[in-house]
Amino acid sequence: MADLLTPGAIATIMNGDEYPNPVVQILGTKPVPCKEGQEQRYRLLISDGRHLNSYTMLATQLTPMLQQGELVDYTIIKITNHLVTKINKNDDKGPTRILVIIDLVVVKHGSEVGEKIGNPCHAGDTNQPKEAMQPPTTPARPSSSSSSSVSNGTGNRRSIDITHFNSPMASKTHPIVSLSPYQNNWVIKARVMTKSPIRTWSNAKGEGKLFSVDLVDESGEIRATGFRDAVDKFYELLEENKVYLISKCQLKMANKKFSSLKNDYEMTFTDDTRIVPVEEDDTSIPTIQYNFVKLDAIQDSAAGQLIDFVGVCKAAGDIVNLTSRTTNRELKKRDLTLVDQSKAAVTLTLWGNQAEDFNTDGNPIVAVKGGKVGEFNGGKSVSLIGGSAFHINPDIPEAHRLRGWYDGLAGDTKFTSISASADGGSSGKWCTLAEAIDEKLGYGDKADYFNTYTTVMHVKTDRCVYKACPTPECNKKVIDQNTGQYRCEKCNQEFESFKYRIMLSMNIGDFSGTQWVTLFHDAAEEMLGAKGDQIGRWQEEESSEFGEVFKKITLKPFTLRLRAKVENYGDESRLKMVVMSAKPPDYKDRCRRLVAEIKQLAGLSS
DNA sequence: CCCCCCCC
């Protein structure tokens, strides 16, 4: 096993020399104390069989590997990408060199190794004679596939001694992936993917203005923000799609809530920050980088997550004006329906100018970076937020593929909507009543929604309408004072009128079983095809119409959208199902689903 | 140092 290691590698690296793909053994790991809210970082003790090094850090993107148990003690790893950085400790011993592992491959898991290899000792300092530090004549086999996309021709070692930034021709730049708060002596050569508008803020802590740019190079991406003076200094200089040499920024932990960029850090421009445009466009620097997910995967994304995706705009709603309930601001929004090859359809909400300026002609391709997943009525949708990038018909392979796919699509192609429409329209799964019970729908933390074909077995008509507070937003039952006045306890007010509200209980059934369900006002009106006030008056007048309205739906089939949720009453819990919407059955759709199900059961589905 | 990003 000892021959797996590359003795001498540690000394070579810590002396500042190059050593490709060193293979070392992990002999210890420990978390580094960090501030609250910061991502945990780990320090390692490694051995190359000859020397130990405890000044080794794991790049944060490798933290999950460690936390998942892949980097236990005795594990042998090949370091496929690393950098050496100096930190000044507050003593007189001069700077300490830290080895930062950026990428690695597990050669042999610690459980298979089970012991310390050789008898390594702490290397002296870097003042040892250089001759003693040369790598062996047969270094470890080069890595065939490093997961890092860095290929700037400088090998694995990241030079850290770039101080010649005075010249924009500075040839040695650092990959974005290597930036960390531990080291500020770097220059990156990066392209501006997107630039935000200037925004102002005003809060208890003060006021100011800011903007941010998302930067990219071959190795990765990072967001940079300029505040106040930095806005005046850099906003005009930085243009989308142009390449710049940038140095002397402050790095801090990124808040993933506001950026989908693949970087644990983000940077802030400081008074020392230098930004120099690169006049000749360097085509080796990529343009915007997307981490696309297929639209059907959005179904499984958590609300609040930021995602990148691309789709064809199949349909667009009107521009809608509304007032924010929380901020009272006037808002404009527009919902687009996007589709892709996964046959999923998802709603993308545009706001403000983007809603107004969007042109639906020719079913444009829409690419989004950093769209925010939302949840409504059991469906998932995406909304553009401040940090999102939004590109129409981008010149990227995925967009061309989508265009070709969509243009060749049969006109009657069906898509599965994973977003709920505002009218409670269909989305999500279909199942029978028995399947809903078997699958324990409604037993999770959140309510479950499903669609079902069912027949109305029985409607309970007693107490199905009640007199409610006439205030538009209040639907509380009023107390009839029998003086022509109706009292609402919630509004603490008496009114001369009321409105009828419906709350209906009914039993529904299909071949698999039956279920008691509740319908509130809007769904009940939809299903009964009559207004609550009308039904209330029929009841008052003891009109035969009252009975007729319920008879009309009894033993009739419907497509229902149901909400299932367990509710607790004291120590008793009961599964409650509420009808969100009721539509006459679409037999064509019903048949299509049954045929698909039969094919699947028969093993004939493709 | 922002970090609000809205609605059904």
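Placed from the backbone N, Cα and C atoms, the Cβ positions cover glycine too.
Those TrEMBL annotations? Automatic predictions, nothing curated.
Under the heading domain 'Replication factor-A protein 1 N-terminal', TrEMBL lists A:5-108.
Residues or ranges marked as domain 'Replication protein A 70 kDa DNA-binding subunit B/D first OB fold' by TrEMBL: A:173-276. According to DSSP, the domain 'Replication protein A 70 kDa DNA-binding subunit B/D first OB fold' (A:173-276) comprises 9 helix, 58 strand, 37 coil.
Mean model confidence for the domain 'Replication protein A OB' (A:296-393) is a pLDDT of 92. For A:296-393, the entry in TrEMBL reads domain 'Replication protein A OB'.
Per TrEMBL, the feature domain 'Replication factor A C-terminal' maps to A:449-594. DSSP assignment over the domain 'Replication factor A C-terminal' (A:449-594) gives 33 helix, 70 strand, 43 coil.
What TrEMBL lists as region 'Disordered' is A:115-161.
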